[in-house]
Structure formats: structure tokens, C-alpha cells
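Peer 1: Next up is a structure, given as C-alpha cells.
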Amino acid sequence: MFTILLSLAILVFVPFLYKANRNTKDVKVNTISIDQKDGLPARKKLNILHLSDLHLENISVSPEELYHLTKDQPVDIIALTGDFLDRKRNIPKLAGYLNALQKLKPAYGMYAVFGNHDYVLKEEDFQRLKRVLEENGCITLQNEHVRIETAAGPVNIIGIDDYSTNRSNITGSYQSLENGYHLVLTHDPNIILDMKDVHYDYLLSGHFHGGQIHWPKPYHLVKMGKLVRMNMIKGLHYHHDKPFYISEGLGQTGVNIRVGSRPEVTFHQI
């Protein structure tokens, strides 16, 4: 009887795992359009390519595949919202993905913030990670901002450090900020609950992986903050009428499977 039950379990479980692993290769390319609400004359839109949570320990998409997924749209800005890796041996691997993104020739550059997994690294290894990003054309932001002049007008790219590891400094990130479109990059979207007193036009984040194993419900995310309990774990949401986006990410943590979620790259038209 035990042998029969074991055989049945294997017959069910092996195809399930196979499909769950295949899901990690089935990348969805989303396009999100954010309407202008500032009351000013209509301006030219910018196209932002947003990637999050590469988790190079468990990524099923090669740099070449990433390039082919994204090459058919013009790119103005590339935004990377953290959790590149958590093991130092994978730092060199990141360069291949950054080179693929540079081939897209973003008109106004590539920008990155860090996530909780990046901070698992020892300080010297974290600095190596940061160096690889910067040597491959990426501007890293840790509670700071940069201002860029675009065909759509000035854009302030505000990079707020990871909220889940208590590294966020909202006040410091906004210090001496001038007028313009305020685009916030951060890893953990829970930070929006502490941003009611500051303005942003759009915020990009990741962290939750869309649940990764979202079946029947992503109960394992409960410990990851209030937004989960508000059923905000992926996609476009509004808080106090301000839009923010939670990417499902490109890689996986733990086991390299996805159930009820898929890896994502997103184009945001702002």
C-alpha cells in the first residue's frame, strides 16, 4: 500500500515540479501607462524599462534572452530595483546582464538601488557588487537622487535604500530636490506607507516576487509587511492617490520554481 501511495505521489509531484520550473523561463513582458495628472500641458512620454529581483543564484533567463525580450522597444531609462544576488561568487555573472541592457542604449541612462539580499554580502563584497554595476554603466543610488534633463522635461530619479533592512532615509533622499517629475526607485514597496508627507509621481519596487509560490494564497509573505495584508503584492497600485508598481521580479529565491506567478520585465510609459 505504501509503495502504491508513493508511486501516486511521485506521478503527481514530478510533473508539478517540472511545470513549476518551466514557469521560471516563461517571462511576461508588461507595459504600463501612467497618465499625467499635474495639470500642466501634455508632455512627451518616457519609456522606462524596469527589472527587479534578478537573484542570480536562481535565474532561468540568460543575458541574451533578456536582450531579445526587450530590444524591440525604445528605452529612455533603465531602472533596477535591487536583489541582484546574495553570494559573492555570482558578482561577475551580473556583468553579462548589464552588458545586455547597455545594448539597448537607454537615452538617459541606467539606475539601480539595492535590496535586502544584496546586503547579505560582507561589506567588501558589497562594494565589489556596487563597483560592477558602476563599471558597466549603472548609476547606483543609496538615499540620494539625480536630476536628468529629458525631452519630456526634468526628471528627479530618487533612489531610496532598502526599507526591510532599516536602511531607508526618505528625508535624505529628498534633500535639496528641485521641481520636476519625481520617480522613486526602491526595493521594498512597504516604504510607501511612510511616504504620505512627500510627493512622488511614480514609484517602482519589487521584493515580493508576486508571491513566487502563489497557491492557493501566498501565506508565506505575511511576515513581509503590511502591504501583503492589504493584498498588494504585485502590479500597479495607488496609495493616497499616488501610483506605485511592484514587479514580480526576474529571478527566484530558495527553490527555482514559480507557481501562480511568472518572471517579469516591465515597460512603464510615464
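Note: Cβ is positioned from N, Cα and C throughout, glycine not excepted.
The model shown is predicted, which means the values in this text are computed figures rather than measured ones.
For reference, Swiss-Prot lists these features for the protein:
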type	residues	note
BINDING	D53, H55, D83, H209	divalent metal cation 1 binding site
BINDING	D83, N116, H207	divalent metal cation 2 binding site
Peer 1: In sequence order, which same-chain residues at least six apart have a C-beta under 8 angstroms from D83 (divalent metal cation 1 binding site)?
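Peer 2: Within the chain, D83 (divalent metal cation 1 binding site) has Cβ neighbours under 8 Å at S52, D53, L54, H55, F114, G115, N116, H117, D118, H187, G206, H207, G249, G251.
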Peer 1: In terms of DSSP three-state secondary structure, what is the assignment for H55 (divalent metal cation 1 binding site)?
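Peer 2: Assignment for H55 (divalent metal cation 1 binding site) reads coil.
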Peer 1: Tell me the Cβ neighbour count for N116 (divalent metal cation 2 binding site), meaning other Cβ atoms within 10 Å of its Cβ, over all protein chains shown.
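Peer 2: Step by step: centre on the Cβ of N116 (divalent metal cation 2 binding site), count other Cβ atoms within 10 Å, giving 18.
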Peer 1: Using a 10 Å cut-off, grab the number of neighbouring Cβ atoms around the Cβ of H207 (divalent metal cation 2 binding site), all chains included.
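Peer 2: Other Cβ atoms within 10 Å of H207 (divalent metal cation 2 binding site): 29.
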Peer 1: So among the binding-site residues H55, H209, who's got the most Cβ atoms within 10 Å?
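Peer 2: Answer returned by the neighbour count: H209.
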Peer 1: Should H209 (divalent metal cation 1 binding site) be counted as helix, strand, or coil on the basis of DSSP?
Peer 2: helix
Peer 1: Determine which residues of the same chain, besides D53, H55, D83, H209, have their CB within 8 A of the center of the CB atoms at the recorded divalent metal cation 1 site, and list them by sequence.
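Peer 2: So the additional residues around the site are S52, L54, G115, H117, G206, H207, G249, L250, G251, Q252, T253.
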